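Please read the structure below before turning to the comments.
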Amino acid sequence: MAFLKKSLFLVLFLGLVSLSICEEEKRENEDEEEQEDDEQSEMKRGMWSTIRNVGKSAAKAANLPAKAALGAISEAVGEQ
């Protein structure tokens, strides 16, 4: 009987260790995915500011109000 108890405790302990290792790896993967999402959103924000700056420059060159040029660019980007 004592042998069965020890075996059962050993199996449960190893299962618990295995489970905690899997959960840790899962958390690490989620953190990596979150970092990738953050990097992608930063890139999108950077591209949007570049487009906005180009739109402002184009508006100044064409003597149009900057808001009208930005509106046209926003519509063009939104259609894609």
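From the backbone N, Cα and C atoms, a Cβ is placed for every residue, glycine too.
Copied over from Swiss-Prot, here are the features:
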- 30-40: compositional bias 'Acidic residues' (COMPBIAS)
- V77: valine amide (MOD_RES)
- 24-45: region 'Disordered' (REGION)
- 1-22: signal peptide (SIGNAL)
- prompt: Does DSSP give V77 (valine amide) helix, strand or coil?
  reply: helix
The region 'Disordered' (24-45): DSSP-derived helix, strand, coil residue counts: 22 helix, 0 strand, 0 coil
